[in-house]
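Here's the structure we're looking at; comments come further down.
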Amino acid sequence: MVVTTEAVTSRSERDAEPVQEPLVEKLATEELNILVAVRCRGRNEREIKAKSSVVVDVPDNGVTNEVSINTTDDVGIAAKMNSKTYTVDKVFGPSASQKLVYEEIAEPLFQDFIKGYNCTILVYGMTSTGKTYTMTGDEKLHNGELGDAAGIIPRVLFELFDTLEANKDDYLVKCSFVELYNEELKDLLDSTNTATNSDNKKLRIFDSNVNGTSASGSSSRSSSRNNSPRSAPDNSRAQMLRRKLGRHNTTGNSKISNNNHNKFSRFKQTSQESTRAHASNNHQNVHIPNNNSNNTNQQQSPIDQSASIYIQNLEEFHITSAMEGLQLLQKGLKQRQVASTKMNDFSSRSHSIFTITLYKEQNGELFRVSKMNLVDLAGSENISRSGAMNQRAKEAGSINQSLLTLGRVINSLADKSEHIPFRESKLTRLLQDSLGGNTKTALIATISPAKMTSEETCSTLEYASKAKNIKNKPQLGAFIMKDILVRSITSELAKIKSDLLSTKSKEGVYMSHEHYKDLHYDIECYKTELEESKRAIESLTAQNAMLQQERLSLKDDNACYKANIASLKDNVVTLQSSLKEQITKETNIRSLLKDVQGANEEMKKTIHLFEFKQQELQQSISTFISDEISNIRDTLKKHIEYLQNNGDLKDTEISGNLMRLEKEVVKVIKAAEEEASKSYGECVKMMLKETPRLFESVSGRLDNISKLAEENHSKIAETLSDVSEEYNNLKQYLTNNFFKNNHEELLSHHVQNTYAQLEENSAQLMQNFTMMLDKHIQENKRHMLENILGVTDEVINNELQMFGEQRAKWEKSSALINQCDSVNHSFHQALGSNLVEIRDVVSSSRDNIGATISSIQSRTRNRQSIEEMIQGNDVIRQQITRIKQKNKSLSLFKEHSTETATTSIGSVNKVEGNLKVIMDKVLNDPQLSRGKAEVPDEELHRLEKIPLGITNKENVVDLQHRYPALQEKRKPEDEVLLQAKLQRRNPD
């Protein structure tokens, strides 16, 4: 919203007359108790010199809600038992800082004030207890900032404008400062309060619902009890009003131009209107006659819609910054009544109310009005103790009287009496809405811990505890239309112009020497700044051309950087694919290791089965041979006995021959049995000897392979983790940070905005400074481009420096990948050598076992049968021949003997057949002759394609070409069997 001169002149007198619209929004809320806090200071020098003991028990640090006072002379436990305890909302000890008090008490009320509620903070207590220190404190700035001792009022001012600027809402802020001294009101900000016009400017309290002087058009609102002061003629500049009521587009980059523009605007307005009314920012002292007749309505604020109690002739000052408000506070404090007493060197002799009125944009054309009253009450004092005399005694009596009335009001409100004596004192009338009204109120009671002031301390705590029971019903402030606010400001400006014109027509404008010096100093400053602006514009023009060249250079650099980024992205994609391949290889290694371990377990099971079969075979052979030999012996004995019983063989010596025959047969059978047992024993021993050695070697090689695989896996995992981390960092940096600042657009946008802003600011100076303005713009532009160029170089250097670190990390990740490949290659070579050794051991064991089996087979073939052995025995043949010769005479028994021999031969043949069956069973057992299994060509071809090593994925055929030891395409049976087992366990 912008207030223009045309709008002011086009308004009719009816529009200039303030009219209040019925747009008051009162939101009823629940009743709230007054927030009561107690602040206890430490003992001062007077109390320490008087050796007054501490009788108040409060925490030195932190915040509690209880305070105890010892009203007796007891000490120790008795003192604690007889102490009187008061409960309030907050209790602050001597070490509590000003910041802590503000955050705990004033900060919540300040937030409500911003939301639109009327708020009041009162400081109450005995003299010299720190009321003014709590409310005002150190109001001076130190290095442009508030000190630690700053009180509530300075902190509220600074936080108010910080909050409003952060919210970026339209707003208007006014301040007033009133003093109640000896039951008389005084405007502490009125610099024209002289003896000649003191009667005209006398402040009076009015009640709008009973006094007909409320000419602002507001209806009687008896339910609203607002004690805020009324508006006086506005003394702020029209430029300030336009800045706060309207949205302006000035930026922080054109600070020099804005300062020049503001200073020149103030100078121009001063030269045209000759003066300003109460210009608090520049400490000007303009004397304007007060034509107050028939103007009572104009001095009342037309925007204070809900006020029921107001102060006539109290001036409100527009402020646009916390510094301006702080200057008003300091100005009022200088005029406040202060005196020295025996209890306090700087004792406030009056009550003061500093009021901040906020008009804040709510919804478009509506502004909400809220007030914050910061009340510093004078301290009650004992006249005999303070040494007050004459005028000081009168002041003390007036202070005590007003505080006594305040105490009665607090008691009446706490007891919920029907009659509340607000009108018995001007102080209570001003605080009427703060006590039991529609505001949010906080009371800070200040006390002394010394025993010499225990009575006053008890009285203060009694009032504080009773005030805690007072309930207020806070309501949001009223709404006001924006055009009504503009009409009010227009009316005030019109009155100021009228007063200035009347003053000019009489005797000119009176201006103080200080004001004149300020104006003269401002003019000299303007001239100096104009000269500097000329030089700045010239330099800015030259640097503009340089900046254009830099811009083209930056475009080329940007293209190069984009190409580098594309190349880096390709490298990142390559690295990512390499990482995936390494992960796949690692997975294959793990799978192969599991398969080898499974094959090892299966071979161990086969060994156990072989040992079991060997024991079973030995037992079976031993049992069978023993049974058959027993049967043969029994048969031969039976036939021999039969022959002996049926013939006389002594003469023919058949019995001797038979005995020798029997012995020779038994000898041959035992020799055959021993030879078979020896052959099978040697075979078994050889197999038992070779098999553990074979599997021990295989197990050792497998352990080596497992260890190598684990080491390789850990190295690869660590390396891949580092590579992945560096890759993610590089990717995040390239995505989020690398040249994402749009430097070209920022530079172009910044230059255009700066140039447009300079032109806009210069438009208002074109009337008198056309030629100088062009040079001023060029010089400012040169300075701005110079600064922008420096910032651009710094940004680019920072980007390149940050990218250098990322690039170094990326190169490090490439080295890690190369290291990973080297580790994989070493593992592949070690794995190949171990597999070759395993194959050699398996082949050697296979050859040994095959030789043993061949030896057994050759021995078996050499021993064709028992019959051939018997027939080849000369002794047996001779004995049989002799028997035949001797038995020629025994014709009757020839056939029987032949049958007996035939039966014996059949039994021997049966033994021979059974031995052959057993040998065939041993030699043809599928579980003991797996080494002879043949693998089909298709299966062998498929086994040859199984990956050996995962780095280069070489198959068996490729590996045979590399290692001479594996030139054979057909692998040994045991290796084929191992590969088949691995294939069955992992068919993919």
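Along the chain as shown, the residues are counted starting at 1.
Glycine residues also receive a Cβ, built from the backbone N, Cα and C atoms like all the rest.
Copied over from Swiss-Prot:
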DOMAIN    33-470  domain 'Kinesin motor'
BINDING   Gly125, Met126, Thr127, Ser128, Thr129, Gly130, Lys131, Thr132  ATP binding site
REGION    206-301  region 'Disordered'
COMPBIAS  248-280  compositional bias 'Polar residues'
COILED    514-619  coiled coil
COILED    707-769  coiled coil
REGION    965-988  region 'Disordered'
_Among Thr127, Thr129, the one of these binding-site residues whose Cβ has the fewest neighbouring Cβ atoms within 10 Å_ = Thr127
*Kindly assign Met126 (ATP binding site) to one of the three DSSP-derived states: helix, strand or coil.*
strand
*Ranked by the number of other Cβ atoms within 10 Å of their own Cβ, which of the binding-site residues Gly125, Gly130 ranks first?*
Gly125
*Near Lys131 (ATP binding site), which residues of its own chain have a C-beta under 8 A away, given they sit six or more steps off in sequence?*
Val123, Tyr124, Gly125, Ser348, Asp376, Leu377, Gly379, Ile444, Thr446
*Count the Cβ atoms, other than its own, that fall within 10 Å of the Cβ of Ser128 (ATP binding site), considering every protein chain shown.*
24
